[in-house]
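All remarks here apply to the structure that follows.
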Amino acid sequence: MSIHICDAIDGFIHRIQSSGASIHTVTNYGVDLVQFSDYLEGQEKPFLEDLEINLIRSFIRTLSGYGFAPASVNRKLSAVKSLMKHLKKEGLIDRDPSSRVRGPSISERLPRAISVKEVFKVIDMAYDSDQGLRNGALLELMYGSGLRVAEVVSLKWEDLELEERWLKVMGKGSKERAVPFCSMAQKALMGIKAQSPNDYFVFPGKRGGHLTVRTVHRIVVEAAARAGLSDVSPHSLRHSFATHLLEGGASLRVVQELLGHEHLTTTQVYLRITAQHLRSSYESAHPRAGG
């Protein structure tokens, strides 16, 4: 009798709950393994007899392709490995197909943040383009509010308080947060609303639904190129948002809340970025810095 992956996951989750695992641990396993089961369903290989090493490797490559950070991919792989060990121990599979699967290496390379002047120039180029109001609003929200690209494309008008300049966004792990937005974003959004008052999404796509992540990436890259910059992505704007806040004196806790980071350690990487900026400024400006 074939066993469906969802039934196997339910049994595994029940076991770790019974063993006294924390709610946080159980939730993380649940989220990660649902993604795994969804992937197997999409590949039309949802039964335990279908499990093999190349299928798991393909799942890991797909996660990386969607832009998950190496640390997140490795956490999800760890959940899959734990599930496989459980299934083998219970005699539900003969061998562990995940045992030789490795996750991506975690680079120490810091995120790229561009200067305030450069950001302003990129945003100006976005406004000065086809669909300039829409493109400008996209960049205003990614830089001015620190939104992830997936968060900005999925914004609905009901998520915005235009007069008060607040928006609510559903971030990673289905966690909602409230974020302010700047007056320039407000002006652009009001212009969009006036042009298309009946749209459901703030940034609708051509074929229904909302703009795709790929489209927004192209908009940012093209605006940056016209500003004379390369290696700029939507994530660069979010990084710059956090870095410039810290350089302006905002507390790490405030930046953590605005970014929607669950753990403060995730936000602390920006302290390293601003420290590099301070050292660079010191060495170029102080007369005895090179001595």
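A Cβ is built for glycine as well, from the same backbone N, Cα and C atoms used for every other residue.
Since this is a predicted model, take the numbers as computed values, not measurements.
Look at TrEMBL and you will find 3-88 tagged as domain 'Core-binding (CB)'.
The domain 'Tyr recombinase' feature in TrEMBL is assigned to 109-283.
Every protein chain considered, the tally of other Cβ atoms within 10 Å of the Cβ of Arg148 (active site) stands at 19. When secondary structure is read from DSSP and collapsed to three states, Arg148 (active site) falls in the coil class. Among the features that TrEMBL reports, active site is placed at Arg148 (among others).
The active site annotation in TrEMBL covers Lys172 (among others).
Per TrEMBL, active site is recorded for His235 (among others). There are 16 other Cβ atoms within 10 Å of the Cβ belonging to His235 (active site). The DSSP secondary structure for His235 (active site) is helix.
The active site feature in TrEMBL is assigned to Arg238 (among others). The Cβ neighbour count for Arg238 (active site), using a 10 Å radius and every protein chain shown, is 22.
According to TrEMBL, the feature active site maps to His261 (among others). Of all the Cβ atoms in the protein chains shown, 18 others lie within 10 Å of the Cβ of His261 (active site).
The active site, O-(3'-phospho-DNA)-tyrosine intermediate annotation in TrEMBL covers Tyr270.
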> Can you tell me how far the Cα of Arg148 (active site) sits from the Cα of His261 (active site), in Å?
Replying inline: 11
> Rounded to a whole number, how many Å is the Cα of His235 (active site) away from the Cα of His261 (active site)?
Replying inline: 14
